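Colleague: Can you keep this structure in mind? I'll have questions shortly.
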Amino acid sequence: MAVDGTEQRALQYEQTLMYGRYTQELGVYAKEEAARIREDGRHRRSISERSPSLKLLEYEKGRCVRCRICAVHCQRFLMSRVGEDWIFLILLGLVMALVSFVMDFCIALLLQAQKWMYGGLDSNVILQYLAWVTYPVVLISFSAGFTHIVAPQAAGSGIPEMKTILRGVVLKEYLTLKTFVAKVVGLTCALGSGLPLGKEGPFVHIASLCAALLCKFMSFFGGIYENESRNTEMLAAACAVGVGCCFAAPIGGVLFSIEVTSTFFAVRNYWRGFFAATFSAFIFRVLAVWNRDEETITALFKTRFRLDFPFDLQELPAFAVIGIASGFGGALFVYLNRLIVQFMRKQKTINKFLMKKRLLYPALVTLLISTLSFPPGFGQFMAGQLTQKETLVSFFDNRTWTKQGMTEDFNYDFHSAAWKHPQANVFVILVIFIVMKFWMSALATTIPVPCGAFMPVFVI
């Protein structure tokens, strides 16, 4: 009985599927943090004692005294200016825009490599299947292994942890450099695998990591960033930046930041979040123009709706039905995701086995989803060859797909042709797509890699 109780407490303590393992007790961690803060204070005092003051320089004589006094004045002026909020927010927006652009570029290369491998083996269906399945399994396994080795705290979305931190709770190693590296590399590989995963939640965590690291860097120029309340305010602005550089939507980023810090949101943080998110979204779209992905600064997902007659009054009940169905569907998605996680945690035998074989669960989930989305197989009934971005482009193209149930008279491009099948109507394919993507996304978000759920839910 005692052995079983110990094993049960160990299983509850580790929680290996979704999160990392805590390796230290809170009391020991608090003592180490206090010792580190005392050591940092001694180090700063020793540096300040060695630095020359203006009063001592004024009493010295020599040709270089005036130059040295001027240099000290310039140094103090630059330190005071660099320590201001707007400089910090510009740096935060610039860094996050660059990170988002580089990650999107690498993700596009990984997805293109999968299509290149699939298209180059069109003479043999078996080799096509092996290439289609093996590629995402390798990427997801690498993402899960790299995240677990470098920083287990980087697994999952990161938004629940940021809510906890913004409410004053200290979570060890959630805002460190190695967590940033694990989050960026793991998220790039996870999204490059083609699984129905999102990037908004991890980007909120990545922006918070950038803000925390910048606060440590800026503390060398001014002591204002040593204040914990100021760091918390910058983390609230970073939440807005994470959404702004992800979807080029600064207003949505500020609203999301208010939602994350719903307990208390200071009025002075409104301009910080909006300024940083606007700058980040602007740089993110400018980089797309510079890379010749866009001709000018436009929306991330463009629409071609008529402006003179956007909708008919008869469509308002249909919009209301869509809203009600989406509400129930969102609740069902959360319920299904929770059932999967609880089932995996309650099965002691499965949990013990997965503790030893940490890469087996993500590999099996990826194998199942890739097999069902194989284009010559069942994937032909759910547009399996399209990525999430291509799926949204085909949904937003504002073209007629069918006329009285007949689809043979229409010209299709690559994106629209994926929804055409000789044995099924386009509406049947859309229903199959919604049902399959629904449970696939709920299952994919349970694997221990950096991932979010907003984009797949948005596609559904």
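Cβ coordinates come from backbone N, Cα and C, glycine included.
Just lifted these from TrEMBL, have a look:
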- 86-111: transmembrane segment (TRANSMEM)
- 132-155: transmembrane segment (TRANSMEM)
- 202-222: transmembrane segment (TRANSMEM)
- 234-258: transmembrane segment (TRANSMEM)
- 270-290: transmembrane segment (TRANSMEM)
- 316-338: transmembrane segment (TRANSMEM)
- 359-378: transmembrane segment (TRANSMEM)
- 426-459: transmembrane segment (TRANSMEM)
Colleague: Based on Cβ pairs under 8 Å, which of the stretches 202-222, 234-258, 426-459 lies most in contact with the transmembrane segment (316-338)?
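Modeller: By Cβ pairs under 8 Å, 426-459 leads among 202-222, 234-258, 426-459.
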Colleague: Give the nonlocal contacts of the transmembrane segment (426-459) in its own chain as ranges (CB under 8 Å, at least six residues past its ends).
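Modeller: For the transmembrane segment (426-459), the list is 16-19, 140, 143-144, 147-148, 152, 154-159, 182-183, 186-187, 189-191, 195-203, 205, 329-330, 333, 336-337, 340-341, 344, 358, 361-362, 365-366, 368-369, 372-373, 381-383, 388, 391-392, 395, 401-402, 407, 419-420.
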Colleague: Using a threshold of three or more Cβ pairs below 8 Å, and leaving out pairs closer than 6 in sequence, do the transmembrane segment (86-111) and the transmembrane segment (270-290) count as in contact?
Modeller: yes
Colleague: Can you see whether the transmembrane segment (202-222) and the transmembrane segment (359-378) are touching - at least 3 CB pairs under 8 angstroms, only pairs 6 or more apart in sequence?
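Modeller: No; fewer than 3 Cβ pairs under 8 Å.
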Colleague: Taking contact to mean three or more C-beta pairs under 8 angstroms, with sequence separation of 6 or more, is the transmembrane segment (86-111) in contact with the transmembrane segment (234-258)?
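Modeller: Contact between the transmembrane segment (86-111) and the transmembrane segment (234-258): present.
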